[in-house]
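Okay, so here's the structure we're looking at.
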């Protein structure tokens, strides 16, 4: 069970809505993933009507919607988008994204912290997408963010946990949930993140661009479940030396 702010989730896999070939395929994949929290870019939906091709199927699926501010380049733009989302969708939950450079889509740490502090004061449950910077994540936690979402690698790159060393520090020091976001390309990446101690992962591109998105969503569901189970089982410690799994000489002594 994962708790963030005022909500609890059985699944530790969050999903996105971009890059799917159709809204029907998107919903089928989300259902197959078991995800209960789905993020969507406000710039891609028609907020004036709930029969939007993306929004309507998600509402029907009964998932928790996490609007994001993707496309915002400044704190002011992100705050404006957040206010529109709250008014249109009736949710105070928000994934805060501010990335000024469209080529790399890396989060702006200064603007993200500025916006996060303002949005928390306005009553939002803020989940900021941020770099894998332990100092920044601690600052975001201190201003009241409900979770932090450090990247594993650039958005959509499928590179995996390239920031592993920093993620380990973030996880160790955090007192709010840590959701590894961006760069996860295959199910084993998700398993590794959960084994490290992350509370959840957010996956979009890896599922949406697969030849069979529904099957890939199922694979991620199982991978996340395996990661959570492995962490709870408490793996053995790593050793620089070999450790025998059975006596090496006992049978010789017994036969002597």
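We number each residue from 1, going along the chain as drawn.
Any Cβ shown, glycine's included, is placed from N, Cα and C.
Record features (Swiss-Prot):
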{"type": "ACT_SITE", "residues": "95", "note": "active site, schiff-base intermediate with DXP"}
{"type": "BINDING", "residues": "156, 182, 183, 204, 205", "note": "1-deoxy-D-xylulose 5-phosphate binding site"}
| said: Looking only at 156, 182, 183, 204, 205, which the record lists for 1-deoxy-D-xylulose 5-phosphate, tell me the maximum pairwise CA distance in angstrom. | reply: 9
| If you skip the near sequence neighbours and keep only those at least six away, which residues in the chain come within under 8 angstroms of residue 205 (1-deoxy-D-xylulose 5-phosphate binding site), Cβ to Cβ? | 16, 18, 19, 155, 156, 158, 185
| field | Per-residue Cβ crowding (10 Å cut-off), top of binding-site residues 156, 183 | value | 183
| request: Enumerate same-chain residues with a sequence separation of six or more from residue 95 (active site, schiff-base intermediate with DXP) and a Cβ-Cβ distance below 8 A; give 'none' if the list is empty. | output: 39, 66, 67, 68, 69, 127, 128, 129, 149
| remark: Out of the binding-site residues 182, 204, the residue with the smallest number of other Cβ atoms within 10 Å is 204
| query | Does DSSP put the residue listed as 'active site, schiff-base intermediate with DXP' in a helix, in a strand, or in coil? | reply | strand
| Extra residues within 8 Å (Cβ to Cβ centroid of 156, 182, 183, 204, 205), 1-deoxy-D-xylulose 5-phosphate | 16, 153, 154, 155, 157, 158, 181, 184, 185, 203, 206
